[in-house]
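Features of the protein shown, as given by Swiss-Prot:
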- His99: active site, electrophile (ACT_SITE)
- Glu169: active site, proton acceptor (ACT_SITE)
- Asn12, Trp13, Lys14, Gly175, Ser214, Gly235, Gly236: substrate binding site (BINDING)
Amino acid sequence: MTPTIRPLIAGNWKMHGTESSLGELKAIGSGFVEAAGAGADGVICVPATLLARASDILAKTPVATGGQDCHPATSGAHTGDIAAEMLADCGASYVIVGHSERRTDHHEADEDVAAKAEAAWRAGLTAIICIGETKIQREAGETLSVLSRQIAGSVPPGATAKNSVIAYEPVWAIGTGLTPTVEDVAQAHAHLRAELGMKLGIEADGMRLLYGGSVKPSNAGELLSILNVDGALIGGASLKAADFLAISAAVKGK
């Protein structure tokens, strides 16, 4: 972690969760400070169908809510899409943009991700901008060049430490149980900090860099001890309060 940066533990429920799942949110909200301490932030990005209810449940807790995607436009004939303003209207404070599953399933390019980040800012949301290399790119030794290209294309010039969070998610590690080595994560996050510094100047010094990719209670302590890893973007492990809080505990006192 970076000593001067307040860590963020973010959960991404993806396409999981119905009303019966809301009890897990209550447990996360009530247990977060005890687990992570008062010096960390938490957010759960739920499906749009749960967002308003999740926001009500977490309203008096230190855990915020977020969306998982937004359309660049404020409104219009975009059936099935959700504007950032609509997420904010449901109580969201954050929104994930550019997740690898969106890039793959919906063929989103870097410029699409940048437009969504700007839409998030317009609505007063913090954008969690996701980047990361595929297995083929990794095996070809292209990890750092891919990250440079995605920082250049996916992070708009107006990004600040307040309106943006960067999440590094090696695509090959998501949902597979595989994680890069400590050395690989450290190298990637140091590279991201340097690239952001060249693009954004001093703002990059305070920007939170999250690691995402099969984060679980058993590896959270090691991952969150790495310099420039300022929190985590958690997938499956965020669906259960016990797992999310166990991961959150890894930042306590750091």
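Including glycine, each Cβ sits where the backbone N, Cα and C put it.
Features as recorded by Swiss-Prot, highlighted on the structure.
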| residue | record | DSSP (3 states) |
| --- | --- | --- |
| Asn12 | substrate binding site | strand |
| His99 | active site, electrophile | coil |
| Glu169 | active site, proton acceptor | coil |
| Gly175 | substrate binding site | coil |
| Ser214 | substrate binding site | coil |
| Gly235 | substrate binding site | coil |
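The Cβ of Gly175 (substrate binding site) has Ser214, Gly235, Gly236 as same-chain neighbours under 8 Å, each 6 or more residues away in sequence. Within 10 Å of the C-beta of Ser214 (substrate binding site) we count 21 further C-beta atoms, all protein chains included. Across the structure, the residue listed as 'active site, proton acceptor' and Asn12 (substrate binding site) are spaced 12 Å apart at their Cα atoms. When Cβ atoms from all protein chains are considered, those within 10 Å of Gly236 (substrate binding site) total 18, not counting its own. Cα-Cα distance from His99 (active site, electrophile) to Trp13 (substrate binding site): 12 Å (rounded to the nearest whole number). For the recorded positions Lys14, His99, the largest tally of other C-beta atoms within 10 A is found at His99.
Around the Cβ of Glu169 (active site, proton acceptor), the number of neighbouring Cβ atoms within 10 Å comes to 24. Just so you know, the Cβ of Trp13 (substrate binding site) picks up 22 other Cβ atoms within 10 Å once every protein chain is counted.
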